[in-house]
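**Q** Would you mind keeping the following structure in view while I ask a few things?
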Amino acid sequence: MGLEAAPPALPPKWASKPCIMGIDEAGRGPVLGPMVYGCLYCPRTYQKTLSTLNFADSKTLKEEKREELFEDLKADESIGWAVDVIDPRELSAKMLKRSKINLNEISHDSAIGLINKVLNLGVLLTEVYLDTVGDPEKYRVKLSERFPNIKFVVAKKADSLYPVVSGASIVAKVTRDRALRDWVLGETAEDLHRDFGSGYPGDPQTKKWLEDHKHSVFGFPTLVRFSWGTCTSYSKDFVEVLWEADVTDEDGNGRTSKRQLKLTKIGFTPQKRKTEDIESSGKGRCKFFQARKLELLPQF
């Protein structure tokens, strides 16, 4: 998944005129599914007309109304739009990597990506309105330094203040809803089902789905953002995994041996297991490799 849009074959006739853009997200809080950033852009002269199209914060609208408004804006030749669909696996991987990227940084990068995409289409953006992520002023300064020729307005609840952001909110929300509705579960367990509720951590149906679909070795289906703190409480029955490390330790007899890295060192907090249940202690190489005199080859 990634940046998607429905641009015309050629830039729209109004692309060379001063244009405004709104950016908003959907799915920041859920433990299931992608996070989606959406944008809507149009000529600045269309701003008054935009305010008559009944766009509103997507969270205040019923699903049927959101779908209707999304189809309306797609058919409007004076409006352009694009989305960035961020896969749950990508979110978790970035948040758990050694050099962690937090959710605010991921959000900022997504918004910047959308701005670049629209600029690359040849659209003359002069004003961009965004719902804040973190401190509004710091976010505005960051964007202004990156795009000095654009005026940025960063505000809390921007999706209820500016119609262009309300439209972006609808784009993002409908795209995420459809992504969840059409999500193809890649796992093949016989008891796998899609009754996962809203996907928010506090939803009892979502909690039950997580409990029913956890695996002691493989964790959760790829729909789950396993970096979310919500998942930690389900990991008490997970098998502890030990990894071979590239560094070597010296034991009391002056001999060196491979040291293994535990998942707890990179953010996972599984329940401690008894020594006899662990195939490899972490102080030496796995017995399987020792018995067969197998060694790691850094190059081959």
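In case you wondered, yes, glycine gets a Cβ from its N, Cα and C as well.
Caution: TrEMBL annotation is automatic and unverified by curators.
Take a look at what TrEMBL says about it:
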type	residues	note
DOMAIN	18-240	domain 'RNase H type-2'
BINDING	Asp24, Glu25, Asp131	divalent metal cation binding site
**Q** So how many other Cβ atoms are close to Asp131 (divalent metal cation binding site), meaning within 10 Å of its Cβ?
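**A** The Cβ of Asp131 (divalent metal cation binding site) has 25 Cβ neighbours within 10 Å.
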**Q** Just to confirm: which same-chain residues, 6+ apart in sequence, have a Cβ under 8 Å from the Cβ of Asp24 (divalent metal cation binding site)?
**A** Tyr37, Gly38, Ser58, Leu130, Asp131, Ala158, Asp159, Val165, Ser166, Ala168, Ser169, Val171, Ala172
**Q** List the residues of the same chain that sit at least 6 positions away from Glu25 (divalent metal cation binding site) in sequence and have their Cβ under 8 Å from its Cβ, in sequence order, or write 'none'.
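**A** In sequence order, Met35, Val36, Tyr37, Gly38, Ser107, Ser110, Asp131, Ala172 meet the Cβ cut-off.
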